[in-house]
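Trainee: Marked as active site, nucleophile by TrEMBL: D23. Among the features that TrEMBL reports, active site, proton donor is placed at D25. The annotation Mg(2+) binding site is assigned in TrEMBL to D23, D25, D201.
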Amino acid sequence: MSSSASAPARPKPRIANQLIVYDFDWSLADQDTDRWVLEVLAPALRRRMKSLKATGTVQYTDLVAQMMRELRALGHTKAEVLDALKGMPFHPAMRRAVLEMKHRAEPSTDFLVLSNANSVYIGTILAHQGLERVMQEVITNPAEWSKEDPELLVVRRRVPPEGRQHGCTVGCSANMCKGEELTNFLARHGKPFDRMVYVGDGANDFCPILRLREQDLALVRRHRGLEARIAKDGASAGLKCQVQYWTGAWEVEEIFATLT
Ligand SMILES: [Mg+2]
Ligand SMILES: [Zn+2]
């Protein structure tokens with residue numbers, strides 16, 4: 001085959017195995033779990049969360065934990081929280097995209113969820129959407145229903161405030177460095193992936209995508225923090241991966257179909 005001047009004749013490397021990493025809120029799911037639960041059950045607390053966050057004095061995961069205690073103090077129950085989560089927007093095209101990719105013989109795909117939400121929120125929604133078994137691992141903040149009060153959700157930081165803190169200089173919140181978590185996951189997994197794809201939207205997804213290679217792909221949701229952070233710091237921080245933008249989940253489904 002002859003090569004033209006415009007298209008270098010470089011054979012496309014075969015992709016036998018790939019890892020697809022999903023941020024959860026506004027990426028895999030079409031809403032933000034922490035805020036949604038409050039919007040559904042106690043809008044005044046949703047407003048209070050926004051005001052407290054704006055003060056910048058409370059770490060985000062601690063703030064969510066506090067909101068859950070206040071939600072409980074207002075009399076709200078575990079069943080109400082679970083119902084709110086099951087009713088949270090989740091785009092059918094995103095669900096289809098994941099299942100279709102998982103069922104493809106080649107490339108073989110491992111899925112990882114890497115999220116600043118919590119294990120109960122994510123576990124509830126994944127189970128409700130029939131995606132629980134598709135995910136190799138869910139890396140997030142630990143949460144559990146309290147032993148003393150089974151109606152209270154206790155949310156803790158992935159990296160506890162006592163003990164060694166992560167050394168991230170990119171801007172991850174104290175509860176978790178998503179970049180470090182991705183690196184640790186890859187080390188645990190052992191064998192390398194021919195391609196990694198990261199689906200994200202938030203400013204805190206910038207750190208993990210800095211760890212992607214040239215053959216990897218970041219699927220970045222438009223009009224949110226990650227797009228702005230890439231525009232501001234992508235070049236100076238040495239972002240190496242390819243970047244494709246999307247707005248609706250149906251576009252991710254389209255892009256997945258091209259990932260042969
Ligand atoms: Mg997000
Ligand atoms: Zn980080």
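Even glycines carry a Cβ here, placed using N, Cα and C.
Give me the local environment of each listed feature.
Mentor: In the three-state DSSP scheme, D23 (active site, nucleophile) falls into the coil class. Close to D23 (active site, nucleophile) in the fold, though at least 6 residues off in sequence, lie V113, L114, S115, K178, Y198, V199, G200, D201, G202, D205, each with a CB less than 8 Å from its CB.
Sequence-distant contacts of D25 (active site, proton donor), defined as residues of its own chain at least six apart whose C-beta falls under 8 angstroms from its C-beta, comprise Q31, D32, T33, D34, S115, N116, A117, D201, G202.
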